[in-house]
């Protein structure tokens, strides 16, 4: 059976290993230590770091394919591996568009796909025009409704700034120059909500999309996912799926990809109401619901895609599934994680809990809970709201040891 | 988080590890080598054998609980572990009834539970009456409709004989005496089919049953499981569930247990139509469907039970789920397992495949396929038959590289 090697030993690798076990494989991971979430559960661990070519070479040795739990691997290393005959999926020329927010926006513009207005603030980027002058202009054009983003390396709210004044924006730009971290400015969109279209594409070229989901962000990172997105018109759902399939094909993605989208509050000037926000070329938080809520989960699908197996059925297994992230609390509860799990199981015997075996730090993603709705109709707002309330209540309990509905887990009533 | 240690490194341990990963744990296994199915996928492997007390001690060191992937562990070793303060689940005094077919039948008789007629053929067992004389009488009483079973150590058809003549029966008994392996004789029941009632019981005493399933045996071992059992009356289903819950409680089981049952062709003399065949106190082949077909799978439930967590929801996720075992073919196909998997995925994108990474030997269980039915009614025979046909076709393909419906996987049509 094939050997899949994954760069990174985090929770995405951990959950990919679970899927690999069913397929008669096991996952090999590149991890910094044996304490990382995936390294704790697979025996095939290469100790090292993704920035060292030699470590990547040791990971790839004898593997059928090299893939990723995060996108932060230097492209030159990946091109070197490819030159040596290693299969890298997604290939580095595709991964670029998940690594580099500027390259992604330029490419999507060329493809005619809908994205918010943006400006490159890299020093002397635009024919020698000073970046601060460009920022002045971009600020004025959008009445100060702008976002600054690091071109490389941001995630979960890091590398994203929402300045309240032009002075603050200029200061962020100045600091980024000192930090040698180039920025783009992006129009802040007036939106109804955020969506995600998760897609898989195999080496052979087969594509498959899951139902489009709604993602709820808090403090700049994903907190809740509702699958499928409630009250999404068939037209918009189909447009989102078409965008994801086209991007996967045109960029040459191999593996799963999340296309994060804005659904705008008002129809835009182009008549479109969807704007593409970011791409992630790996299993993604917005796809965790699929582990319990879809016929084929994203981790199994990622393995199928990078190994060039035919893709699995992406249909939902229930009218609605809601995922709530378990985040490290501002102050870790005195009640142990194990005891919290005990109480959650007592209260919600149907909740599907996924823990990552990570230390609890504020806002760190340490697990998630899926609540798969039973029979009912997605068009009934009470039904979706009830499933969502249970998922959020479960996740909040696991994070904080506090029940949002005031339940006392040690009382008799 | 707790550490669960499992005696044995086979496929049951492998799949328990998958469930442990979701709960923030990993499984520690006692395996003879690093090539065993579970040892291939977990880093926490104690090399050794279940018959060595020292190896069991090393397994138990620092573990929250010791449990089993098979029942063949000497009871005296387990009592020794318990005496040293180790939590063993199920406890040895309960496990006895899964290890010893005679002790099980005597206990169930005392409890007034329905079992086929049986006789102890251990040498000089019954007040000094010779075993061969006892066998003569038992044969006559049941018109030669008898089965001989080894009291200890049989599984998957081994340790079970169906003699065609009294001479053959007496020879089997004589051989068993030479092999120092005591036998019982059991009435061969005229039955409609075999059923299994899978139950879990936690240390705290909570019990939970899954829907009763039909098990289809071939060559003495499980080939297909249909969940729930089609056309089972509510009364019989309830009786089977009550038997399983009562047995789990009265025997002091902690963990999951399969109660294998016969549904007789005719109502018996007691008015009952269910007879208890065997008990297995561990995750069991008849529960594999639950991995994809129930809200809580048997492997997660076993962990919950032995760790004294509240038990999970055992409801079905679909009107019917059918499991087909992938068995080693009489002659291993020239097409690799990997290529067979590729073709199966192409033909059945919804099939859930579980491979154990075992070598292919004739009739060896090397994996299974679950097909989870979509919407439909369990009372519609065509519906169940269609799901079953797909599961059996998939499993047969994976075993033999032959499609039962004559499909040519390399043709265009």
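Positions of Cβ are set from backbone N, Cα and C atoms, glycine also.
Just so you know, the Cβ of residue B:186 (ATP binding site) picks up 22 other Cβ atoms within 10 Å once every protein chain is counted. Residues annotated as ATP binding site in TrEMBL: B:101, B:149, B:186, B:187, B:188, B:189, B:194, B:277, B:278.
Look at TrEMBL and you will find B:105-307 tagged as domain 'ATP-grasp'.
Taking Cβ-Cβ distances under 8 Å and a sequence separation of 6 or more, the neighbours of residue B:278 (ATP binding site) in its chain are B:101, B:104, B:260.
Note: residue B:188 (ATP binding site) has non-local neighbours B:116, B:142, B:145, B:146, B:147, B:162, i.e. same-chain residues 6+ apart with C-beta under 8 A of its own C-beta. Long-range neighbours of residue B:194 (ATP binding site) (same chain, six or more residues apart, CB within less than 8 Å of its CB): B:214, B:215, B:216, B:217, B:260, B:261, B:262, B:263, B:277.
The maximal spread of the ATP binding site, taken as the longest Cα to Cα distance among B:101, B:149, B:186, B:187, B:188, B:189, B:194, B:277, B:278, is 18 Å. Here the domain 'ATP-grasp' (B:105-307) has a mean pLDDT of 92 out of 100. Residue B:101 (ATP binding site) falls within a helix when secondary structure is assigned with DSSP. The number of other Cβ atoms within 10 Å of the Cβ belonging to residue B:101 (ATP binding site), over all protein chains shown, comes to 24.
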